[in-house]
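For 25-45, 221-241, 249-269, 277-297, 316-336, 356-376, 381-401, 413-433, 446-466, the entry in Swiss-Prot reads transmembrane segment.
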């Protein structure tokens with residue numbers, strides 16, 4: 001049984017009152033002890049409807065409830081208890097020394113264990129485990145029933161099948177403070193989705209097939225971009241997650257961000273910084289299509305290496321679905337330009353006035369997102385997010401220098417690796433994870449997007465000033 005502390009009227013605890021197999025004065029005393037252990041003398045039970053009757057235990061000494069349930073819901077940022085029954089001989093009849101129960105939470109960001117106390121009642125014994133929940137997520141439990149009176153200590157039983165699912169509150173503090181609904185519920189978002197789809201289709205109409213053919217014949221820039229985007233940058237995210245010991249949700253957000261394809265206006269920055277614009281558009285198209293394979297793969301690999309998969313479900317299928325939502329209209333645009341060039345030109349003309357609407361809507365949603373996502377942001381992820389675009393720019397330029405590419409292509413490769421589609425990463429996280437987990441993980445792409453835009457604008461301004469001070473004759 002899992003019980004939460006709260007103020008208010010008390011509720012009957014199944015299994016420790018008159019209905020759960022505990023009778024008489026000793027049973028009432030057991031119930032009283034549980035109430036004393038919780039301030040205010042009031043409890044709210046978790047959503048699982050279970051009993052602490054010592055019945056079905058599937059051949060185990062330890063059980064929670066009747067043994068038929070192994071996953072229990074618990075609210076976020078709360079304190080409470082877990083009642084674990086024990087049928088170990090000696091503890092149930094009080095004739096032998098009491099064993100000791102060790103309880104370990106395998107994700108302390110989601111759930112921490114405060115204390116473990118042994119209890120007895122007329123029909124058996126068990127343990128009361130004090131818990132404190134943090135972020136929403138799944139916290140597996142590791143139970144070890146030990147007999148320390150033996151030499152060496154005897155491991156009586158070990159269980160790893162129980163877990164506590166910490167669920168987010170219905171109303172987040174940030175939403176209550178700002179009187180705003182969550183940005184994912186904003187109708188503007190749903191109004192912009194068709195425009196985003198058409199905009200991506202029009203982007204595909206800008207891809208020059210001749211440039212794509214040239215890239216296939218001389219694939220050095222394309223290969224360097226793919227190498228930087230899907231090998232070097234995800235590995236950098238992995239290193240930063242290790243060095244700064246980022247929480248698992250943040251680590252996942254950073255991995256997905258650094259595994260994202262080029263985008264975020266990279267071809268515009270190529271134009272402003274003297275890069276090869278047609279190459280930039282083609283590289284963005286190729287990396288977006290390639291991301292449908294590479295991004296889920298790198299997310300799965302690094303999630304395993306960082307043990308994220310143990311406590312946080314990484315929804316690879318949803319990530320892939322979000323990528324396809326972007327890749328399919330871009331590919332459709334390429335086909336339209338090839339087969340229907342006049343319609344392609346018309347589409348480009350039609351989307352131009354709506355681009356301004358997309359820009360305004362994007363700025364509004366970005367502000368609205370920041371209200372939720374940046375609540376409680378900490379320094380480590382800010383520092384890491386600030387370095388990601390800079391490292392990408394340096395990696396891309398260094399790789400291009402190694403192959404002695406022309407200056408314009410060097411700048412394009414550098415920008416394609418450094419300016420990743422962080423907003424795509426943010427969308428994948430928001431559509432794939434539960435709300436609180438998604439908002440927490442989204443701190444990484446949001447900060448990377450802010451940092452990347454600021455740093456690229458600084459480069460544009462710097463080059464503009466340089467061109468004025470040192471004009472080319």
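Here the Cβ of each residue, glycine as well, is placed from N, Cα and C on the backbone.
Sequence-distant residue pairs (6 or more apart) of the transmembrane segment (381-401) and the transmembrane segment (446-466) include at least 3 whose Cβ atoms are under 8 Å, placing the two stretches in contact.
Non-local neighbours of the transmembrane segment (316-336) in the same chain are 197-198, 200-207, 209, 256, 285, 288-289, 291-292, 295-296, 299-300, 343-344, 347, 424, 427-428, 431-432; each lies 6+ residues outside the stretch with a CB under 8 Å from one of its CB atoms. Contact between the transmembrane segment (249-269) and the transmembrane segment (446-466) is present: at least three CB pairs lie under 8 Å, with pairs separated by 6 or more positions in sequence. Taking Cβ pairs closer than 8 Å, the transmembrane segment (277-297) reaches residues 203-204, 206-208, 211-212, 215, 221-222, 225-226, 229-230, 256, 259-263, 266-267, 270-271, 316, 319-320, 323-324, 326-327, 330-331, 334, 408-409, 412-413, 415-416, 421 in its own chain, all 6 or more past its ends. Listed as Cβ neighbours of the transmembrane segment (446-466) (distance under 8 Å, sequence separation of 6 or more from its ends, same chain) are residues 257, 264, 269, 272-274, 369-370, 373-374, 377, 381-382, 385-386, 388-390, 393, 415, 418-420, 422-423, 425-426. Residues of the same chain lying 6 or more positions beyond the ends of the transmembrane segment (221-241) and with a Cβ under 8 Å from any Cβ of it are 215, 250-251, 254-255, 257-262, 279, 282-283, 286-287, 290-291, 294-295, 298, 302, 305-306, 384, 387-388, 391-392, 395-396, 399-400, 403, 405, 409, 412-413, 416-417, 420.
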